[in-house]
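For 610-622, the entry in TrEMBL reads compositional bias 'Polar residues'. Per TrEMBL, the feature domain 'Major facilitator superfamily (MFS) profile' maps to 104-594. According to TrEMBL, the region 'Disordered' annotation covers 1-63, 605-647. According to TrEMBL, the feature transmembrane segment maps to 100-126, 169-188, 194-215, 227-249, 261-280, 292-312, 324-343, 364-383, 428-446, 458-478, 490-514, 572-589 (among others).
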Amino acid sequence: MDAETILRPPSLSDVRPKMARSLLPPAAQDIGSSTNEGHAINDPKELDAEPSGPNNTQPRETESCPIQLVSLAAANPTSPGEELPGAEGAETTNKPSRGAIALIMAPLCLSVTLSALDLTIVTPAIPAIVGDFESPSGYIWVGSAFILAYTAITPVWGSVADIWGRKPIMLIALSIFLVASLLCALAPTMDALIVGRTIQGLGASGIGMMVNIIICDTFSLRDRALYLAITSIVWAVGSAVGPVLGGVFTTELSWRWCFWINLPIGAAVFFVLFFFLKVPNPNTPVLSGLKAIDWTGSVLIMGGTLMILLGLDFGDVTFPWSSATVINLIVFGTVVVGIFLINEWKLARNPVIPLRLFASRSTVAAYGVFAFNSYVFMGLAYYLPLYSQSVLASNALSSGVHLLPLIISSSLAAAFAGVFIQKTGKYLPVMYFAQVALTLGIGLFLNLEFEKDLKKLFVFEILAGIGVGMNIEGPLLAAQAAATELDTAAVIATMGFGRSIATAVSVVVGGVIFQNEMNVKNPRLVDQLGPQLAANFSGEQASAHVDLIRTLPEEQQDVIRRTYFDALRTVWIMYVAFAGFSTILNFLIRGHHLSRETKEVILGVDRSKASQQPEQPESSIRQPGDQAASVEGDGVRRRQAGNVLAS
C-alpha cells in the first residue's frame, strides 16, 4: 500500500485529493485481466489457419504489421500421451520456472519501489522546495501536477501496450520517468519543477500499468493473485521508507536528492528489463500503430478527466465551490466524458475502454466493489491523520505512526489473500469475509470515544485494514475471469482509472462534509473562544490549523478537539454507508474457475479480427510444445515456438 506518508504524513491542509490517491498498492492502482474461465480445445486462437474448405478461406489483411497471440509463460510442452491444457481430465499448467519468475519479478518489484518512493519521498521536502523557490503558490502543484497527469493518462497506456507490446511501452514509460526525474533534480524554477513533476506522472502511470499487465500476462488466474500481493508488500515497504528518506535528504543533503535517487535505481531496472525481459513483440510499425490508436477517445478521456479533477482541486482552495470556474470545469468535464463513451460505443476502431467490459452484472459489480473499497480506504488513510492531529492533539510524526496499523494490516492481509486464492482457487469466500471486516472496522469508528484510547483505535484500524487488503485480489480476479485475453490491458487500465477517480472524489466529498460540519459548529466556538480565534477553525480553515490546537490552554483545547471529534464522526458515517453499499454489490459477483493455465495474449493492430476467426477442424489444433501463434499480414495464423522468459 503506498501511503501518502507513513512515518511523517503531510499536513492535511497541504495535500489535495489527487495527492492522496496514491495510498493504494499498484495491484490496486492498475488491475489486469487476461482470460475466460475454462479452456476450449476448439478455440480459434488454438488453431492453425490452414483452411479445410472454401467456406473457411480467410480474407487477406491489408495491414503489414502482425497480430500476435503470445503466451508469456516459459515452455512446458506436454508429451504425446498427455492431454492438452483445458481438455477433460487433470488441468496442466505452463507456469514459468523459478529462475524465470525471479528474473521477471525482480525488476518489476524494483519498478514498483521507484513509484512508491516517488509518491512519498517528496512529501517532507515540499516546505524546503517552496522556501528555496520562494513560491508558496507552488506548494499544492508539486503534488497535484504529478497526480493529474498520472490519472488522466492511465486509460491510454493499456491501448498502446496492446498495439506495440509490453516491453517497448514499459521501457518508454521508464525512460519518461527517468528524464523527468533529471528535470526535477536540475529544476531552476518552481515552474520547471512543476513541468518535471507532470512528466513524471505520465511515466509513473505507465510503469504502474505495465507492471501489472506483465504479471497478468505471465501468470495464470490461479497464480497471479500471489504475485500481485508480492508487489503490494514491496509497495508498502517503499512507501514507508520514502518519507524517511526524503526527510534525511532534505535535512542532510538537499531536496534535489529526492529526485536524483531515482536515476541509479531506474537505470538498473532499465538494464535488467532491456536485456532479460523476454516477452513476444508484435513488431508493429510506428506509423501503423499510430493509425490504430483511438486518438479521439484518448483526447476526450484525458480532457474530461483533467477538467473534472481540476474542478475538484480548485474547489474551496483557489475558487469557491459555487464559482463559475469550478462549476464549468466539473460540468463540461462530465459532458466530455459522456461524448467519450459515445465514441467508444459507436466510432472507435480500437477503443481505449471497450464497453464490452461492462456487459455482465457480475463484472460491473466487481468494478464497483473495487472502486468503492478504494473510496473507503482513501477516506481512512486521509482523515485518520486529521483525527490524530486534531482530536488526539498529536504531531505530524505521531499521526504517521498512528496510521501504521492500517497500512501494515492491509499489506499483510493482501499477501494472505493472495496465498489463499493461489492455493484454493476460490476468491468469493475471501471477498465475503473481507467486506464484513471492512464494514465492521469502519463502523466501529463510530464507537470511538472522545477520550484518547489508542488501543481501541488501532484495533479498529487493523480490522478495516484486513478488510481492504483481503479484498484487493478478489474483485480483480472476478473481472479478469469474465474477460478475454483480448482485453487484458483494457481491464487493467479501466480498473486503475476507476480507482483513481474514486479516491480523488472520496477525499473531496469527505472534505465537504467535514467543512460543513465545522461551519455549523463554529458559532459554539465563537461563544467560547472569541471570533478571532474561532475563525481559525471554521470550515475551510479547520484542517490548516490543527498545529495551533496544541499551543492553546487545556480548556480551549478540549472545546476545539470535541468540535473536530463531532465533525469527523459525520465523515465516518458517510464512509460506513459506502462500505455497506459495497457489501451489497459483493453478492452480485459470480465465482469463476481460476485456471492454472496461462492463456495466449493477442497483440498488434486489428486484434479483434484475430479473435473472430472461424473455427478450424480438429486436425489443425495446435500441437503440444507450440507456445505461440501469430496472425501475420495475410491473416493466416502461424505457430511460433519457444520460451518467452529468460531462465
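For all residues, glycine too, the Cβ spot is worked out from N, Cα and C.
Caution: TrEMBL annotation is automatic and unverified by curators.
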* **Chain residues outside the transmembrane segment (324-343) and at least six past its termini with a C-beta under 8 angstroms from it** => 294, 296-297, 300-301, 303-312, 314-315, 318, 351, 355
* **Any contact, the transmembrane segment (227-249) to the transmembrane segment (100-126), with at least 3 Cβ pairs under 8 A** => yes
* Answer yes if the transmembrane segment (261-280) and the transmembrane segment (169-188) have at least three CB pairs under 8 Å among residue pairs 6 or more apart in sequence, and no otherwise. => yes
* Asked: For the transmembrane segment (458-478), which stretch among 292-312, 364-383, 428-446, 572-589 has the most Cβ pairs under 8 A?
  -> 428-446
* Of the listed stretches 194-215, 364-383, 572-589, which one has the most C-beta pairs under 8 A with the transmembrane segment (428-446)? -> 572-589
* Structure fact -> Taken over the domain 'Major facilitator superfamily (MFS) profile' (104-594), the predicted model's pLDDT averages 84
